[in-house]
Amino acid sequence: MASKILFIGGTGYIGKFIVEASAKAGHPTFVLVRESTLSNPAKSVVIYNFKNLGVNFLIGDLFDHESLVKAIKQVDVVISTVGHAQLVEQDRIIAAIKEAGNVKRFFPSEFGNDVDRVNAVEPAKSAFATKANVRRAIEAEGIPYTYVSSNFFSGYFLLSFNQPGATAPPRDKVVILGDGNPKAVFNKEDDIATYTIKAVDDPRTLNKILYIKPPANTISFNDLVSLWEKKIGKTLERIYVPEEQLLKNIQEASVPVNVVLSIGHSVFVKGDHTNFEIEPSFGVEASELYPDVKYTTVDEYLKQFV
């Protein structure tokens, strides 16, 4: 029997992909929503899609303990996809899971770098630390978990090539942080969702980090630019920003540019997606666990922009 799954933050950016994957995989799927979300015009398309997929809405709020406990008691698994501002509030979910006493597994809001293995500067450093603190709280309470480290969303990073404010890949020049040699990992949101849902009832992912690092999506920035150049039949001007200059730029920038740049520093300069080995004691890799999943490669993903 497929586990019943409750989503908290299910109408958000990555949440909506995972909710859809859950429903399509045959899991009884529940989304915690506020009354106001159901009538919010900005969310109407997402809500409509969820209804068509047979998703159940449970009225409640992250800040209403009783509603959280009540919702959690109806399911087996809780997946949090809350946004940046609510990361720190996941203690509320942990407390409710603890009180409900029936949860087989909790997936906190992660879906990025492995926050226990990062070399970051502010403001990324604090964001990563918040997620790491949530991990420690889950472990301290003895709640069964899976942490999904899905690295970069293709829909953001391959669309923009990490150029702040860009809405399409570059056509003439491209700014590269550091020397462009460390490898990063780019995954399509639908694939992240598919792998996450496959992990829900898999004993191999219990109390582990699920890394989504498919070989064809692990590529250096220099190679990414070369791949793109081949596709558009044009050589781009490459502007390299040395680490020292980048650190200065981060300090001088304001939100959200400083966030984008500091995450870029962690990934593209320090190599935080790929500078460690996945040990069986703490992690497993999704494309190895689920070779049947036909994931979208970076090469395939870029074709749509040519």
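Cβ coordinates come from backbone N, Cα and C, glycine included.
Database features, via Swiss-Prot:
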ACT_SITE  Lys131  active site, proton acceptor
BINDING   Gly9, Gly10, Thr11, Gly12, Tyr13, Ile14, Gly15, Arg34, Lys43, Arg135  NADP(+) binding site
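In the three-state DSSP scheme, Gly9 (NADP(+) binding site) is classed as coil. For Lys43 (NADP(+) binding site) paired with Lys131 (active site, proton acceptor), the C-alpha to C-alpha distance reads 26 Å.
Maximum intra-site Cα distance, NADP(+) binding residues Gly9, Gly10, Thr11, Gly12, Tyr13, Ile14, Gly15, Arg34, Lys43, Arg135: 30 Å. Annotation for Gly15 (NADP(+) binding site): spatial neighbours Phe7, Gly9, Thr81, criterion Cβ-Cβ under 8 Å with sequence separation of six or more.
Between the C-alpha atoms of Lys131 (active site, proton acceptor) and Tyr13 (NADP(+) binding site), the distance comes to 17 Å. Taking Cβ-Cβ distances under 8 Å and a sequence gap of 6 or more within the same chain, the neighbours of Tyr13 (NADP(+) binding site) are Gly83, Phe153.
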